[in-house]
Amino acid sequence: MSKVYPVKPEFAAKARISKEDYERLYEESVRDPEGFWGRIGERLEWHRKPSKIKNVSYDPKNLHIRWYEDGELNVSANCLDRHLASRGDKTAIIFEGDDPNESRHLTYRELHAEVCKFANTLKNLGVAKGDRVAIYMPMIPEAAVAMLACARIGAVHSVVFGGFSPDSLAGRIADSTAKVVVTADEGVRGGKKIPLKANVDAALERPGTNSVETVIVVRRTGSAVPMQSPRDRYYHVLMEGQSADCPPTPVEAEHPLFILYTSGSTGKPKGVLHTSGGYLVFAGFTHEMVFDLREDDVYWCTADVGWVTGHSYVVYGPLANGATTVMFDGVPNYPDTSRFWNVVDKHKVTLFYTAPTAIRALMREGEAPVKKASRASLRLLGSVGEPINPEAWEWYYRVVGDERCPIVDTWWQTETGGIMITPLAGAIDAKPGSATKPFFGIRPAVVDAGGAVLEGATEGNLVIADSWPGQMRTVYGDHQRFVETYFTAYPGNYFTGDGVRRDEDGYYWITGRVDDVINVSGHRIGTAEVESALVSHPKVAEAAVVGCPHEIKGQGIYAYVTLIAGEQGSDELRKELVAWVRKEIGPIATPDYLQWAPGLPKTRSGKIMRRILRKIGENQPDQLGDISTLADPSVVKNLVEERLIK
Ligand code: WTA
């Protein structure tokens, strides 16, 4: 039996949603989605109010997802202009730099002016409604400014995480045919510089990137970086003399807001496309309800804008709600491991949202670095990105939250746009390790491999039986891939790619990915991407990559590598291959283990049996199952003997 942490009466007394509210509203939201989401849609300011709320078909032959389709709005106006009258002088963004002495506040009025000026800048550069703009930036306010400026003129942004390599950046630029890239001279993380502009230069030498006309460079460190004329322009120079008046362009609710690339089980990363109306309704509404948001909260989500959490819960959700959001450009252990808690005290953070991997890493440092800070301002804690192990949950609760703050363990995905399964702190008792219950309007279901819907306490694959406004609309440029990835395995449902257990109380426990995606420190990495990076090395004949348990990262990357004939595995070559993958994809894809494999276990039709490799990587060689169907069962013996985790 798992432990239960009942709703705190002190919290419930003031909470936005009580137990009764949750049950009543949830029931209504799934019985009458049109009525429910129609009402929730009114939280936005529309240039033209929608009369059609939901128009969705999950039929693979006619797949379409439309919400509020005849409505018109502007996302940046909803995040900025709408607040000016009542919150003009309220802080919108608190920027906290890598250097603890660097921070700055931007009010809604200041942010509005900056966004208008940058929107005018983009217009002057010929960026028009529907054009794509790549954003490859540190966690500085200019990243949010660039996103909102795109939204203001109906351009579509594609934020690429600043930790990705030039090749990864190039692939994303090419796929989205971006016209402009917004970047910085350099980033700084943990005191180390990251050559962002140099990476852009390298990316733009790759084939397929000649759609880019202009590179806009924000001065972050001030280091001299090569500027190519006329392509490269400094942000501060372009902004000089721009008007702070830029009327927002009204767009249809289904006009694309952004593309965000995410790893899948096969092939290149997919461009997940989100649109304007439904996405913003969902990001704003979930943010307000899940974090029990109040006017005077100071909200801090530690995610980078390069990930979906940074989109929905650093920028769009909080700003749509007129909240104060912290943008942190540093890391949890610089200058020391008290950093998170010092920042909490410095800015009087009330709501704090981070990833289990950070909790586990800090847990290892003991309680002292936490206890040094007061943390008295905190009132609610959140977790996202991967399953949180009960031990880490308890530590987060006891040590960080002083047993005072409820924890919301929020399950969702890049594809879902916002939080899907989560406790509401005033309404749902917590069980450490469980994301608990569905959010309003969300209908999770558990299916077996054959697609049969399982009832009651059970385990299987997690699907969502109906649409919600924040759902992705397509894979950019490849609608067929969208249909095939999410809607064909379990007809009539959206397939999440996650496994799940539902307990006797109807609580959901995410068990991890059931496809070939690895979740490393809360970041999704496709095994196929790492394999293709490895085989692009001249000495590698073949590679197979699986996930393995990792104490801090949740999952680590375990690679099996077959070298070309005549090559010998050595420690140097191992280092070289690991460095190669980092260079090809980025440091987040660094293999944790790399085992030489004279042969890989394959079926007679040549398919690699990953199940076997996974078991070997998990150090469970006695659980390989049936290996008699392998073309050459003898390869397994060597792999087991030489395994790297014992
Ligand atoms: C995993 C991040 C368990 C899951 C928002 C999902 C989680 C993938 C949780 C999406 C959670 C995310 N508990 N697992 N609270 N949150 N996941 O697209 O496997 O980067 O499918 O979105 O992370 O990762 P993504």
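Glycine too: its Cβ is placed from the backbone N, Cα and C atoms.
Non-local contacts of Lys192 (CoA binding site) by the CB criterion (under 8 A, 6+ apart in sequence, same chain) are absent. Feature annotation from TrEMBL assigns CoA binding site to Arg189, Gly190, Gly191, Lys192, Thr309, Asn333, Ser521, Arg582.
The ATP binding site annotation in TrEMBL covers Gly385, Glu386, Pro387, Asp409, Thr410, Trp411, Trp412, Gln413, Thr414, Asp498, Arg513, Arg524. Residues near Arg513 (ATP binding site) in space but far in sequence (CB under 8 A, at least 6 apart, same chain), listed by position: Gly497, Asp498, Gly499, Asn519, Gly547.
Taken from TrEMBL, the feature Mg(2+) binding site applies to Val535, His537, Val540. In this structure, Val535 (Mg(2+) binding site) is part of a helix by DSSP.
Across the domain 'Acetyl-coenzyme A synthetase N-terminal' (22-79), DSSP helix (H, G, I), strand (E, B) and coil residues number 27 helix, 11 strand, 20 coil. The domain 'Acetyl-coenzyme A synthetase N-terminal' annotation in TrEMBL covers 22-79.
Residues or ranges marked as domain 'AMP-dependent synthetase/ligase' by TrEMBL: 81-466.
Helix first, then strand, then coil: DSSP counts for the domain 'AMP-binding enzyme C-terminal' (529-607) stand at 24 helix, 27 strand, 28 coil. TrEMBL lists 529-607 with the feature domain 'AMP-binding enzyme C-terminal'.
Sequence-distant neighbours of Lys607 (N6-acetyllysine): no residue of the same chain at least 6 apart has a C-beta under 8 Å from its C-beta. Sequence annotations record features per position, and here TrEMBL assigns N6-acetyllysine to Lys607.
Checking the binding-site residues Trp412, Arg513, Val540, Arg582 for a CB within less than 6 Å of any atom of ligand 1 leaves Trp412, Arg513, listed in sequence order. Considering only the binding-site residues Gly191, Gly385, Pro387, the Cβ with the fewest other Cβ atoms within 10 Å is that of Gly191.
In this model, the domain 'AMP-binding enzyme C-terminal' (529-607) carries an average pLDDT of 96.
Measuring Cα to Cα from Ser521 (CoA binding site), the binding-site residues that fall within 10 Å are Gly385, out of Gly385, Trp412, Thr414, His537, Val540. The Cβ of Trp412 (ATP binding site) lies under 8 Å from the Cβ of Val384, Gly418, Ile419, Met420, Ile421, each on the same chain and at least six residues away in sequence. Annotated pair His537 (Mg(2+) binding site) and Arg582 (CoA binding site), C-alpha to C-alpha distance, rounded: 12 Å.
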